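Copied over from Swiss-Prot:
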ACT_SITE  Lys79  active site, charge relay system
ACT_SITE  Ser159  active site, charge relay system
ACT_SITE  Ser183  active site, acyl-ester intermediate
Amino acid sequence: MSELTALTIAEARDKLKAKAITATELTDAYLSAIDAANDAINAYVAVTHDQARSMAKASDERIAKGEAGALEGIPLGVKDLFATKGVHTQACSHILDGFKPEYESTVTANLWADGAVMLGKLNMDEFAMGSSNETSYYGPVKNPWRAKGSNADLVPGGSSGGSAAAVAAHLCAGATATDTGGSIRQPAAFTGTVGIKPTYGRVSRWGTVAFASSLDQAGPIARDVRDAAILMKSMASLDLKDTTSVDLPVPDYEAALGRSVKGMKIGIPREYRVDGMPGEIEELWQKGIQYLKDAGAEIVDISLPHTKYALPAYYIVAPAEASSNLARYDGVRYGLRVPGKDIADMYEQTRAAGFGKEVKRRIMIGTYVLSAGYYDAYYLRAQKVRTLIKKDFEDVFAKGVDAILTPATPSAAFGLADEVLANDPVKMYLNDIFTVTVNMAGLPGIAVPAGLNGQGLPLGLQLIGRPFEEETLFQAAHVIEQAAGRFTPAKWW
């Protein structure tokens, strides 16, 4: 069975088309793998066995009739942030206990319309707030990777930790994820997988539980660049239900792979060389530069002067939007309800019991920076910084730069329940240092595995592109992948 789960989406698609395997066989192989591994890895918070089998059966019937969709019979995992009709959707929070939506998110509806099969809902940081998947009400996810000669559990990154871990451990062929400040790219880098955050507005947010609405963007996590391109094509669409959705044709991203990068201008930002960055990250970056240079790309030094203000500005804008978005959870119509002596008390008791520590922290920060006395000092100033960050990128792209190459994370995956990080939220927030600028500017960014560190753990590089030019990112990421190879964890679970 494991040879079926080892297939990439592209390989499985070809075998299904050739009728060498059936969608039912493929789905059963994944369900068996999940049942065997999930107690150890905790990637899934709900497994939809019956629904998966009936979707696979319908796929087999369509294949037999010659009516196969672009993702026909491909088993996928769905981050618990996406509404799935009649299926557990709780953003991994206690406050949404028992919530099963009456509607389907646009992203998942697009995937099912193309014939994909749903295996279940994936673990994540509560309301997508976290960088280690330790804030989930359902407990942490364990990274399928371990350091050489060690049995210590590592985090898979966050907030899409379940998505990244499930893809790396072959518990789904690919997964949906979301990225508000790095939540697709950082877990992808920590697990040796590929993750792309599309341009803001490229993929619909409708039916995705909101964290910070001006920053949130859905995208795929997959085993390789080709699979990410295949998934992205199905996920992206114009959606009139999302006012930020952009009416642009969705290109065939897969067709961009293998195109030469000769003459492509790749920018290397000097501000991304941060103090205390491990030497292995700098080495990896140099390696990535060399891979692109060898393939004919032109490397240029660039400056993004406002980079150092991105993280503090992000941690004002994102919590401000979160405090507003999360005001809707009150225990009245759905989810958890804790009784109180009157309605105001019921609200307070429900929110006190329903939200976890990190979510409460961000709601309080957000409410504070939006309060009358501090709005100008914090929120307004952060929005001005955001405009300057966006302008930095615009200036660089105006000079003819096609894409920017940076590290994806400041380190490899760290230990589960790390006491230093648990006691210092700011240290945890520093995980997003290379990724938040991309969300602040609304640009596309892809994380691609580029090597292993001294302990045998995966490290990723990030490519940042011009708005709506994801094809360029797939093209350049494919070059890095071809040079670096693919990375799979040794099975311990």
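Positions of Cβ are set from backbone N, Cα and C atoms, glycine also.
Sequence-distant neighbours of Ser159 (active site, charge relay system): residues of the same chain at least 6 apart with a C-beta under 8 Å from its C-beta are Met124, Asp125, Ala128, Met129, Gly130, Ser131, Asn133, Thr178, Thr180, Ser183, Pro187.
With respect to Cβ neighbours within 10 Å, the active-site residues Lys79, Ser183 differ, and Lys79 shows the lowest count. The secondary structure of the residue listed as 'active site, acyl-ester intermediate', as reduced to three states from DSSP, is coil rather than helix or strand. When secondary structure is read from DSSP and collapsed to three states, Ser159 (active site, charge relay system) falls in the coil class.
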